[in-house]
Amino acid sequence: DPAKHPKTIVDVGCGIGGSSRYLARKFGAECQGITLSPVQAGRANVLAKDEGLADKTGSYNTLPYLQVSFQVADALKQPFPDGQFDLVWSMESGEHMPDKAKFVNELARVAAPGGTIIIVTWCHRDLGPSEEDLEPWEKKLLNRICNAYYLPEWCSTSDYVKLLQSLSLQDIKAADWSERVAPFWPAVIRSAFTWKGFISLLRSGLKAIKGALVMPLMIQGYQKGVIKFAIITCRKP
């Protein structure tokens, strides 16, 4: 329903802004992105300008505005007032957050009443009713991945749902997209085994090589059901 399209969007952990540009076009919305990386924010602003998505004049508050813009900011302490955005969107950034409760709380804080929150993130599997923690081998596998990708401790999809419930958010839904996303990792490995991919890795340096060597563990994690690619959505009352 076009009448329900978001007019204001925040992309939390925006990278170089691909999601923001897509959403701005799709909904004709004002979209702001935040990232910890000055390089990413700078590149994202250049791409938005190149694609004609900056310095647009629209009907939002009947004033000229930047349709898509990016800035350096902390997702755990966002530089926005309460209740600013119709859509709060976070794509593959939740796994980087050291404090998941604070992360979710900030997403809820900046969402407008009636606004939608969407979290797309890496998780570990949900624990069974009799389990208190993951198996030792599962924890070891995830720790090796976290060490290579500089990630804090992971949580499960059900952990996110409980955090959203604790904030009295409504219409909470979750889905497992692992089956559709898992083929990405073998495809990346195949690309790395080309001459162009190998040269690119060498030029990128030790951190990139370290990350590439851990990719088989991501495949193993998906195959054994330890790693989940989850989407969690809800609405702010």
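Please read every residue number as a count from 1 along the shown chain.
A Cβ is built for glycine as well, from the same backbone N, Cα and C atoms used for every other residue.
Remember, TrEMBL labels are computer predictions, not curated facts.
Residues 83-91 are the range that TrEMBL records as region 'SAM motif II', among 83-91, 191-199, 227-235. Per TrEMBL, the listed range annotated as region 'SAM motif I' is 9-18 (candidates: 9-18, 59-68, 139-148, 149-158). Of all ranges given (20-29, 110-119, 160-169, 210-219), TrEMBL attaches the label region 'SAM motif III' to 110-119. Distant neighbours of the region 'SAM motif III' (110-119): 6, 8, 10, 78, 80-90, 94, 104, 160, 164, 169, 230-237; these residues of the same chain sit at least 6 beyond its ends, with a Cβ under 8 Å from one of its Cβ atoms.
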